[in-house]
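Visitor: I am attaching a structure below and will ask some questions about it afterwards.
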Amino acid sequence: MVIKKPFIFIFICFLICLLICIDLTNCNTINNNNNNNNNNNNNNNNNNNNNNNNNNNNNNNNNNNNNDNNENHKILKDYLKFTKRFKKSEYPTTEQQDFYINKIKKEIKDREKYKNNIENEILKINSQKKRKKFKRKDLNTDIKTNHEQLRKLIENNVNPNPHYYDETQSFYFTNRMTSNNEKNNKKNLNFNNDNNKINNLINIKNNNIPYINNNNNNNNNNNNNNNNNNKNNNNNNNNKNNNNNNNNKNNNNNNNNKNNNKNKKIIINNNNLINNKLVSETSANMTTMVNSGDASLRSLINFLTTQDNNGLRFFPYSPRDLINPFNATKAISVAFAYNDRQLITPGAFSKENEEIRANQSRSQGLFDPNSPNMNFSSFYDIIDQQQTNFVQNIELSIDYLLNQVYFKEIFSKKDFKTQARDFEALFEFLKQQGTRVVYYYIANDGSNHVECGGSIKPCQDLAYLLQSVPMADRIQTDLVVFFYPGRYNITKRIVIDNFSKVQLVGLFGKDETTLTSNQKMFLFNNTHIHMIGLTIADVNFQMKPLLNIFKTDNLGTGTVFDLRQSIMTILLCDFRNISNRNSLGSVFAYNSNLTVSNTLFENTIAAVGGGIFCCSYSTCIVSNCTFRANIADNPIGGGALIASLSTLFITQSAFYNNKASIGGSVIIDGGFSTVDTSTFEYNTGFVGSAIQISPNSIVYIVNCYFYFNLATYSGASIFCGSSTVVFISKCIFKDNYSPGANGLESYSEKLVLIEESVFEGNIPPLLNSTSVVSIASPSAFLFVRQCSFFGHSGVIFNIGNPSVLYCSFSLFYENSNRIVNSFNNGLIVFGSCKLFNNSNNKSDGIFRINNRSNGIFYAVEFYNNTVSSFFESWFNSTCFLLSSNITNNTFRAGSFQVAFSTDIFVDNLLYSNNTAAEGGLISSDQTGGISVTNSLLIGNTAEFGNLVFFRLLSYSEPNCDSFIFENNTYVDNYAFMAGTIVYFDDTIRCNYSCINCVSVNNNAQYGEIVNTGFATFSSTLPNTIPPSIIRPIILQAFDALGLPYLGRSDITFNLLINLLICDQMSLTGVVQSTSTPTSFSVFYNVRISGAPGTHCNLTVIAFLKTFKNITLEYPITVVNCQEGQDPYNIGGVNSYYCLTDVSKTKIAKIIIGISAIIVSIGVLITAILTFIYRKRKIMRYSNPVFLLIILVGCVCGLVSTFVSFSTTSATCSIRMVLIPLFFFIITSAIFIKQYRVYCLIRGVEELHDMSIENSYLLKLQSFILIIPAILIAVSVIATRMHRKYNFDLQKETIQAYCYSKNFYIIFICLALYEFSILLYGCWIVIKCRQYRSFPGSFNEFFYIGVLIYVLTVILVVSIPIGFALLNSALTDFLLYSIPILVLIVAIIGLLFAPKFYFLFRTDKVIANLRQLIEDQEEILKKNKEVLFTYGMYLGDNNNDIIALHESFSDSDILSKTGSNTSDDVSDDFTFDSPTTYSNIPIPLNRRNNNNNNINNNNNNNNNNNNNNNNNNNNNNNNNILNNNKNNNNDDDASSSNSSSTADFEISSSGESGRSSNDYDKRNNKKNRRKNSLRTPILNSLLSPNSRNKTKKRNKSSQNSPLLD
């Protein structure tokens, strides 16, 4: 279609658009002053001029567009990749194609020009200062330098985005145009396009507006865009003027409207609780993007509130719609001036409106929601007007209350006389005014009579007083009842019905007057009542539960006050310790007006509404009150206050420690409510611990403080039910807790607005919460504006179901969890927000947008955050990031984490100085669309892909057609591993290409700008290899581009053999390896084992983390071992190793072999000699059977030694039997022999007879060998020894040794048994050591004792060494051989060698014996002389010679008692001794015998002391010698006897001559000394038998071997 007169057509379109703009401006903009209007007109004129220029340019472009259709179609197809996803059903018209083709061509030219300029400037910069390799510490300096250089360059070639560019922002790239008209045109187009992106998305989602308008040609599109730009510019100017001048809103002249955003403050209890810096920073960040005049916000709000098909309306048009004053019903309050909508009108509490009126005038200044002029601004007008009416009427009501009391000036005075005087003056004043007021007094000491009630004669009972009031006074007079100080017990319920006005006043205030009762106290019906300065306390009773609390005839539902269609004001009162678990609040209001001011509710308990219960179109005003520790016992809840189907206004009040199941402090159930400047602390409940908002309610919460409220389910601060509209402004939420949402939990499908509020948490938190704000209802709208969220450990916004979150001009900092969690078709919009200093230890992003949800982020700043990622989006979701800034952040994954067909659109982004792991900006699975345009990436670091990291494919197929990368700049980016800009984790599925992009100084540690994942590998396996030769195998990995696979360590290589095909080869060593960042991998210490000549294929498998694998096979042949080595099959089937046997060294074998042969010859010779001389007495002396047993044991030991030269399973089993037999045979034989000697010594028998009977020997030895035999049999059966190899693969050596898993149990038992025998034998040897054989006799038991010692030492030494050097073949060989050979040599030397010596050297032995005897005689003679010398010396000193030495001690003799005829008489015995025998006469012939006995005893004692043994044979010999001496020396004996007899006789006669006694004593001592020095004769030493009383040997008995 060709237009012949285009200028006329353009002019008509321009006029139409101008009229539309004027109309929209009049409807939606704010009226400014004349100066601002002039400025706007000038701006509009300028824009109109620009639009004319744009139209001319567009016409010129259209006239110059004459390209070929095929080429145009190709270009258009590339351009529509982005648009194709939104509208696939319709194809653009020819006019639209021409328009887009011309546009694309021009943009391509501009991009090329811009690219060339950038490259030239970069080259200049590099030539001036050589760039260093990127390092993190130089990042800030590099960026600053680059910014300074690039800013000049960009300003010369690029016109930045005009509506968001300022000096604090970095570079935002838009389309590059050079001419002024093109810049202005592009400026308007960009602004319009940005504002329309949200509108287009919403309209397309609901299939209302197509992406491409087919009904208009390209000229009309341009004109419409210009007109829209004019409108937008006007709106922006108006908004700026509005923010600076605080103008009033359009169509509303109310002076009480909202002020500008810069003057807003958050005030709670007259204290500024928000930092001025925070408020100023929040206000300063507001731009024209999101406000009442902005096109994008207006479109979103209009769409959400005016569309009929989306199921969401902005206002709740329900029967209890409290903001619509034009839908009045017949339900009119009969008590006060309110209609059913509860809109307070001006003058409602004025004196002129005291009478009840049936009709009510409309409120002024309100708008009809159904009016066509209803818009976003007028909505706030409704709220502001309603709030203004509340404030005005509350002030009027308080003033009216104080005026009606009449005594506000004298209320606090406690002087009664002063009060009486003031009252008289007041009464006189009232009479002059004509006011009918009647005053009554009540006192505890008053009396009830007809004349009571005055100040002098007060009444006692209030009920009596009210009953006595005349009917006329009830209707026409104001009754004021004063309570004197005291405590009043109300015993009967007081009913006040149809009174005009009753005022109950406590004189001197609430601290002096208290009302109490044990039942319900007051009922007010159709009455105006004031309660001032009273305390109601200690009311405790129970009443029956109420079935229907809303029946009008069911009166008495409140514990203290019941209001029915009445007006009540409570001022300066206290309600304490009131309990009625079946009541509806301490104060119950039904269809009434209740005002409570400066009042305390403490420790009140009720079923529902612990303090106040307002219902059924009541109006409840609570001002400056405190609710503390109130409880609602019924699950309906309302710990402090409930307002049901009523209007509630709370201001400057505090709620502490209240408790209920639902609504720990306040429940709002229907109606319009305002909570202003109040505090909620330490309240608890199941839900809504501070405020519970039930369905069909509209609540305005402003300037409130919520601190440490606890909910066991959710909504610790506020819980909203369905169909509620909630406005939260200038509030602070701090340290609240619930398992759900600790700030706000909403099930409303309508509107929740939060503005200028602070949500503060603790890190670490005292108690963890799931979220801060939670929207659980479908199709809900959450609007957050100018708020701050910091210090939270839970999710801040939890948006479920298809709901909408719009957040603007808000701050998020120092949080440690997600910001948004949205799923199930939710819509998230963030505009002009800042996120900084946040951290997230979880694996998901701080914005989680899943399950077909959409996220739009415009002009958002992210800086100094340490998180896993910013955006996590899965399952067909969409994310838009427009005109934003991401700087100085640290990501554990990447900024975007998307998968499962999720689309990403990034435009005009500054991404700088960020550190990330896999994927700096985007990490995608290639299943969704990606568009990154007009963006700058500078100074970023990542492990892989600073721009995009393409992860492994998910279950969906890749969507390559939707990848768009255009007009981007990449500067100074660095990758720790590979892929500086783009990295494909898998093989390339979609090619990466960037149109008109610039890349400068981007580096990677290992790879290039673009790298891919693992594709294939190669190895260095040889074709032939000996068995088990250590050989490394080197692998190298490659990517899909044929380059080395760099920067990754995620490939696992396995080397294996297919045993099903090749079962004659085995593989050991490090057969698994992991790839390194340098692409190389090594199999270390690989041993391929098999019999020489085996052929097989080795398989190398590369396992990827996607559970995929790549397999390559290599043929290999096993060849023979090297010289000096043999193949050994160790460790398994076909596990051959080329090893050197080092089990027994040659030197050890030679030495042990020669030694064993020599010992064997010695044993053989010994056996032969023993057999030959078996009948000789010297052999019979030891018992030949005993010697034969010893030789048999030696043979077992020698056999085991020779067997140990070969280590096989059979030899191990033989040795396990022979070695224990050897030791136990030897041990048992010598033990029995030694035990025989011990028995002889203990029995004091003839010591020369040490032979053992054969039967005794065999029986005893068999008995000892029973236990070893059993243990050896068990070891052979249960723990059989077998051969085991001990090899060292590094040294390539092998050793064979005997091994049994559980043999150590048998060994321990054998060792314990062996050592028990040996230790007992050692003890016997020690016991027998005192025995000294006669010189020249053969002492065999001495050699046996030595042999026992030797055997014990051998075992004690060898067993620890064997355990210390366990599993050593050489140690095993030596320990089995050396101890056995040493013991056999000891046996031959100690048992057999002495016998052979006696056999072959008899003469020599006798000669030696004689020489020994002669030597002993000489020694005896010398000893005699010494003793005589001692005796002579001691005799002169009158001392007993026997006491000179311990050998002559008579202590043993003196200790004995017995007859004087005993042979054992002490040598020291004298007649002077104090014994019982001193006076007995002794015959003369007995004295010699006594002397002889004394001498004999002395000799016996000497022998015993010297030998330490009771040797009876020596005693007998000494007796013989002494008798001979007595016979040879009769003269001496007679003289000594005579002298002794004389001494005895003198003593017996009783004479006491000292000289004679001394003489006798000296003679007796001489005789005793003489006899004591006598020695045995030599012949007695040589006699084998004793001469005195000894038993002769039988011929069969063996004598000493010397006599043989």
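From the backbone N, Cα and C atoms, a Cβ is placed for every residue, glycine too.
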Visitor: Using the topological domain names from Swiss-Prot, determine whether PHE541 and GLY1362 lie on a common side of the membrane.
Guide: yes
Visitor: Here are some residues: ASN593, ASN736. Which is flagged as N-linked glycosylation site in Swiss-Prot?
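Guide: My reading of Swiss-Prot gives ASN593.
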Visitor: Per DSSP, what is the helix/strand/coil residue tally across the topological domain 'Cytoplasmic' (1171-1184)?
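Guide: Tallying H, G and I as helix, E and B as strand, the rest coil: 9 helix, 0 strand, 5 coil.
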Visitor: Test of understanding: applying the rule of at least three C-beta pairs under 8 Å (pairs 6 or more apart in sequence), is the transmembrane segment (1257-1277) touching the transmembrane segment (1373-1393)?
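Guide: With fewer than 3 qualifying Cβ pairs, these stretches do not touch.
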Visitor: Cβ under 8 Å, sequence separation of at least 6 from the ends of the transmembrane segment (1341-1361): give me the contacting residues as numbers and ranges.
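Guide: Non-local partners: 1223, 1226-1227, 1230-1231, 1233-1234, 1237, 1250, 1311, 1314-1315, 1318-1319, 1321-1322, 1325, 1328-1329, 1331, 1333, 1371, 1375, 1378-1379, 1382-1383, 1386-1387, 1390-1391, 1394.
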Visitor: Could you give the Cα-Cα distance between ASN991 (N-linked glycosylation site) and ASN841 (N-linked glycosylation site), in whole Å?
Guide: 34
Visitor: For the transmembrane segment (1150-1170), could you work out the same-chain residues 6 or more beyond its ends whose Cβ comes under 8 Å from its Cβ atoms?
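Guide: Same-chain residues near the transmembrane segment (1150-1170) but 6 or more away: 1179, 1184, 1187-1188, 1191, 1194-1195, 1198, 1201-1202, 1205, 1373-1374, 1377-1378, 1381, 1384-1385, 1388, 1392, 1396.
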Visitor: With an 8 Å cut-off on Cβ-Cβ distance and a minimum sequence separation of at least 6, pull the same-chain contacts of ASN888 (N-linked glycosylation site), or say none.
Guide: TYR863, ASN864, SER912, ASN913, ASN914
Visitor: List, in sequence order, the same-chain residues at least six positions removed whose CB sits under 8 Å from that of ASN841 (N-linked glycosylation site)?
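Guide: Listed in sequence order, they are SER816.
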Visitor: Work out how many Å separate ASN489 (N-linked glycosylation site) and ASN1097 (N-linked glycosylation site) at their Cα atoms, rounded off.
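Guide: About 107 Å separates the two Cα atoms.
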Visitor: I'd like the Cβ neighbour count for ASN851 (N-linked glycosylation site), meaning other Cβ atoms within 10 Å of its Cβ, all protein chains included.
Guide: 16
Visitor: Could you tell me which three-state DSSP class ASN1097 (N-linked glycosylation site) falls into?
Guide: strand
Visitor: Measure from the Cα of ASN624 (N-linked glycosylation site) to the Cα of every one of the glycosylation sites ASN851, ASN876, ASN1097, then give the nearest.
Guide: ASN851
Visitor: For ASN624 (N-linked glycosylation site), just give me the three-state DSSP call.
Guide: coil
Visitor: Given a 10 Å Cβ-Cβ cut-off, pick out the one of the glycosylation sites ASN876, ASN991, ASN1097 that has the most other Cβ atoms nearby.
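Guide: The residue with the most neighbouring Cβ atoms within 10 Å is ASN876.
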